[in-house]
């Protein structure tokens, strides 16, 4: 125990003998010429008689602050995991694309003209019937595309013939015969127009019956 105490006392004496040379050095300060300089730690320890014990910490003390910060930033960047090159999944992009697709689905298609739609119907009317249903000197009646006015499809009242008025032969003058001819022409024209319309409606109805049957069969299938 006495040997340990004497060794500690001798060590403290050596340290005490080393202190004055370190702190006796004064740094002149006049406000302008004062500046800090970096010094090699080994030279500093050797100059003051202190045995050098090089460690990782002592080596860092020799480096300027800027270099230390550079090393720290480099080490932190090296330690950080590399950024993935895969594109980041953005939920907002998915939502916007979904909304745009839904809007496209909701868009109503352009209306189709029913007159342009043709149904495959096996309908071949008699050419003679088509002639009877056509206006003389006009185009041949087409039961597939012909359209009637609303007035044409209304039920027509029954026309009663007027009672015949007996006219004596001595009263049948030129004026009488002229009026009678006009009435006969008008009556014939009315009968022909009525018969033409009836023929057209009949053939058109026959075609619509065929078309209706074909559509019902297609829907059922």
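Sequential numbering from 1, following the chain as shown.
Every residue gets a Cβ built from N, Cα and C, even glycine.
Since the structure is predicted, the reported quantities are computational estimates derived from the model, not experimental observations.
Positions annotated as region 'Disordered' by Swiss-Prot: 72-116. The annotation compositional bias 'Low complexity' is assigned in Swiss-Prot to 73-100. The domain 'bZIP' annotation in Swiss-Prot covers 173-221 and rests on sequence analysis. According to Swiss-Prot, the region 'Basic motif' annotation covers 175-195, on the basis of sequence analysis. Among the features that Swiss-Prot reports, region 'Leucine-zipper' is placed at 196-203, with the record citing sequence analysis.
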Secondary structure composition of the region 'Basic motif' (175-195) [DSSP: H/G/I, E/B, coil]: 21 helix, 0 strand, 0 coil
Confidence summary (mean pLDDT) of the domain 'bZIP' (173-221): 91
